[in-house]
Amino acid sequence: MTTSVSPPDTVPKERTAGHRMPFWVNQRLGLLVLVIALSVLFGVVRPAFLDQRLVLFPLLRDVATLTVVALAQMAALSVGHMNLAVGRMAAFGAMFAGIGYDKLHLPMQAGLLLCLAAGAAIGAVTGWLIARTGVSSFVVTLATDFALLGLVSLMYSALTEDAAFTTRPAGVDALRSYSLADICAGPVCGSPAVPQLAQFTVLAMLGLGFLYGGTRVGRELLLTGANPAAAELSGIPTGRRVLLAHTLSGLLAALAGFMAAAGTGTFRASIGDDFMLPSFLGAVLGGTLLTGGVVSVLGTLLGTALVGVIRKGLDLLGVGLESLNIYLGCILLLALSADRIRTVVSYRKVVRST
Amino acid sequence: MSAVLLECHDLVKVFPGVRALDGVGLRLTAGSVHALLGENGAGKSTLIKVLTGVHSPDGGTLTWCGEPVRLRSPLEAARTGIGVVHQERNLIPGFSVAENITLQKPPARRGLVDHAAMTEPAVACLTELGVDLDPARPVRELSVAQQQLVEIAKALHTESRVLLLDEPTASLSPEETDRLFGVVRRLAGRGACVVFVSHKLEEVFALCDTVTVLRDGRSVLASAPLAGHSHDDIVSLMVGRAHTAAGMRPRTVDRSAKPVLELDGVATAGGHRDISLAVRPGEIVGLYGLVGAGRSELVKAVLGLDRVTAGEVRVHGSPARIRSPRQALHEFGIGYVTENRKEEGVFLEQPIVRNITVTVWRRLARALGFVPAGEERAVAQDLVDRLGIRITGLGQHAGELSGGNQQKVSLAKWLAADTRLLVIDEPTVGVDVRTKRAFHELIWDLAHDGLPILLISSDLAEMVTLADRIVVMTGHRVRGEVDNDRDYDRMSGRIIRLIHDRDEVRS
Ligand SMILES: Nc1ncnc2c1ncn2[C@@H]1O[C@H](COP(=O)(O)OP(=O)(O)OP(=O)(O)O)[C@@H](O)[C@H]1O
Ligand SMILES: [Mg+2]
C-alpha cells in the first residue's frame, strides 16, 4: 500500500509504553516467590521436606505429570473451551501404550507414539464434534468422558486378567526411578531430586511456549478464544483452530497418562481419575483465563508446583487427608486474593504517577 | 434562570497512562439540551461514566440540585434520576426487547417479575420513538440500529431528570434521528435536561442550546450558550487550532475497466432478491439505504457467512464461490471492515498489536509459522502512526481505547492486509470531525491508487463526499442507482425519491 495519510496535525502527547504495570504485578513472579517461600518454610519446620531422594524426587515427578495435565487443559482453555475428559483421555492413551507393550511387544518409544496418537485422535474427534455441531465443549467433553469411562474399563477387562497391563519394555523402569543423578558428565552428576520423567514436561512446555509465544497458529488460537466472531471475520479458520486445540489437549492428556503409568509402573484403567481438578487449578493459578485468549505455559508449571508443594508440605506436617484439603483450599484462596490485591495496589500506584 | 440539576467541578479521572479527565466542569440546567463535544479520546464517555457511577472520580465535586452527592454505582445514579445511553451497546442479547427496556424497573407482582405487564410500557416507549418492533423478539436478532433504539427506549423508561445520551445517533437513519430529536425536545420541555454527545455538528446545532467542549480531558468551553458560537469556532475549540479543510485530489474512474467485484442477479437465504452491482478498480461504490435495508447482510452473504441462493458473484470476471471470510481474504483479497466493532471488529481483551496484525501473520510467518515479534510491531506501529491512533503502547488492550480509536484499529487491520478490494461498513460512526476527514481522505486516496471500494454508510453526507455511484437499497432489493455529482441537495433529493417511490408502490 503506497498511500499515506498525513497524521493529524497535532500529534497526541508522546506517551511512553512505560506506563504498563510494574514488573512485580507479574503473576508468575508472585507464584515463583510463593513456591520458594513455602518450600523454605516447610524445609525449616520439617527438614525432611528437603530430602532429595525421598521427598523432592516423588514431589517433582508428580508436579511433572500434573503440569502436563494442566497444559492439556490450557490448550482447550486457549480457545475458550474446556476439556472435562482430560483424565479419561489420559487413561485412553495409556491403555494403548499398555496394549502396545503387552500384546504387540513394542519398544518403549513406539508404545509412547501409539499412546500419543491415540490421545490426539480422541481429542481430534472431540474437537471436530464441537466445531461441527456448535455444541458447547462442556457438553461434548463431558459426553466423551462418559464414553471413554465405559470403553476403557471394558477394554481392560477384556484384554487383561487383573485389570492392568504389567509388561514393561526396557526403559520404562528407568523413567520411573532415574533422576539427573544418573546422568553424569565425568565426575559431575545432576541432582537426584530431578526425575528423568521431567524431560517430557520440558519438551511439552518448550513446544507450547513456542506455539503460543511465537507462531501464527498460536496467536490465532488465542484470538479464536478471545472473540470467535471477530476471529472468523478476520480470516482465521476458527473451526480448524478449535479442532487443533482439542487435538493438542488430547495429545497432552495422553502424554500425561503415559507419564503417570510410567511413574507408578502399571498401565491401568484408573489412571487419570484425579486429573481434572488439578488440570484447572494449575492452569488458572498460572494466569490462563477461563474465558480464553490468554495462556501462560510457565505459569501453569508454577501453579501446579504451588499446589504440589502445599500438598506435600502439609502431608509431612502430619495433616490428615480431610483437613489437608481444607488447608489447601484456604491457601489457594489466599494465593488468588494476593494476586488480586497486588494488581489493585499497583494499579493505584501507576494511576497516582500519571 | 432555571434550576441547576447536576453540576460538577474539577472532575479528575485517571487511568494508567492517561488523565482521561483533568479538571472538568459542567452545569446542567432543567429544560436544556446540552451538547458535550470533543475529539475521539477527549474524555466524553469517561465523563458520562463518572456522572453515572460507572467510574468513581479521582478528584472533584459533584452536586445534585445543590446538594453534594457521591454516586457509587450505576444503580445509585439511576435512583438519583440520571438516565444514560452509553456509547457501546449494553443490552442482554438473550432477553426480549420488552425485558431489556424494563430491565432497570421491571414491573413486579408479589416479588416476581410480571412478564405480561412488561409489554405495555415497552411498547409505549417504542411508540414515543416511533419505532415498530415486536417487544417479544430477542435483542440478539436485531440490527445495530434497532438495538440502539431499544437502548434509547430503555433510558426513556427510567423517566430520569437528567438523560445522558452518548452518541445516540451514531447508527440511526435521518428519519429516526429526527424522531429522537422530537422526543428530546419534548423531554426538555417537560423540565428534564438532556446531554447529547455527537460528532455530527449539524445535529448539535439543530438540537442543543448549551455546550461544553472537552479537549484532552479539560473543558475548554464549559456550559456556554451555543448560540454565540459558529460551526468553525466549535471545531477550532475541539481541535485546539484553526481548522482548515483541504480539498481532495481529483480522481477519475475508468468506467470501461473490468469490474473487480460483480454481483449479477444475486439472491440470498437472508431474503435478498435480484441484486446486481459492480465495483471497478479505483471506484468507490456506495451502498446507501435505511436501517434494515439488508446491506451488511448482503455483504456477509457474499463473503460466505450466509447462502447465496441464486445469481452469480464474479471476482475479476470469473465466477467465484466464496465460502468464508478467510477465503475471501486469502484467495480473492477482499477485506471487510465490519460495522459492529465491539462484537465483530476488535478483540477488546487483546493487545493492539495483535488486533492490527491478525490479517498479516500469514505473510510475516517464517519457517514453522514463527512470526518475528519485531516485524509484527513494526507493521502495527506504522499503521498506528498513519492513522494517528491514540494509544499508550502497542501492548495496550484495544478495549481501553476510546470508541473512535477502536474504529481506527479495526480499519488498520485491513489496511495492513493489502487487500485488493475493500468493503467498508459504516467507517465513521462515532468518529470525530478531524478523524472523519482523515478517514475520508484515506478512503479517497486508497481509491485514487486503484483500490476498488464498496462503501456502506447511512450517512448521506459521507456518501455524497466519497462515492462515485450510489446504489440505493431498501427491503433487501436494489431500488436504483445514481451517479454522484457531489451536490448534496440534488443527490439527497434523488435518493429520497428512490426510497419513497417504493413506499408508494407498497402502500
Ligand atoms: N477503562 C479504561 N482504561 C484505560 N484507559 C481508558 C479507559 N477508558 C478510557 N480510557 C482512556 O481515556 C481517554 C478518554 O476516553 P473516552 O472514551 O472518554 O473518549 P471519548 O471522548 O468518549 O472518545 P470517542 O469520541 O472516541 O468516544 C482515552 O485516551 C482512553 O484511551
Ligand atoms: Mg466516547
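Keep in mind that glycine also has a Cβ here, set from the backbone N, Cα and C atoms.
As written in TrEMBL, here are the features:
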TRANSMEM  A:29-49  transmembrane segment
TRANSMEM  A:55-77  transmembrane segment
TRANSMEM  A:107-131  transmembrane segment
TRANSMEM  A:138-159  transmembrane segment
TRANSMEM  A:197-214  transmembrane segment
TRANSMEM  A:242-263  transmembrane segment
TRANSMEM  A:283-309  transmembrane segment
TRANSMEM  A:316-338  transmembrane segment
Between the stretches A:29-49, A:55-77, A:197-214, A:242-263, which wins on the count of C-beta pairs under 8 angstroms to the transmembrane segment (A:316-338)? A:29-49
Do any residues, 6 or more residues outside the transmembrane segment (A:283-309), come within under 8 Å Cβ-to-Cβ of it, and if so which ones? 27-28, 31-32, 34-35, 38-39, 42, 59, 62-63, 66-67, 70-71, 73-74, 77-82, 201, 205, 208-209, 212-213, 222-227, 328, 332, 335-336
Which residues of the chain, 6 or more past the ends of the transmembrane segment (A:197-214), have a CB below 8 A from one of its CBs? 60-61, 64-65, 67-68, 71, 74-75, 78, 175-176, 221-222, 248, 252, 255, 258-259, 262-263, 295, 297-298, 301
Taking the transmembrane segment (A:138-159) as the first stretch and the transmembrane segment (A:107-131) as the second, find out whether 3 or more Cβ pairs fall under 8 Å, excluding pairs closer than 6 in sequence. yes
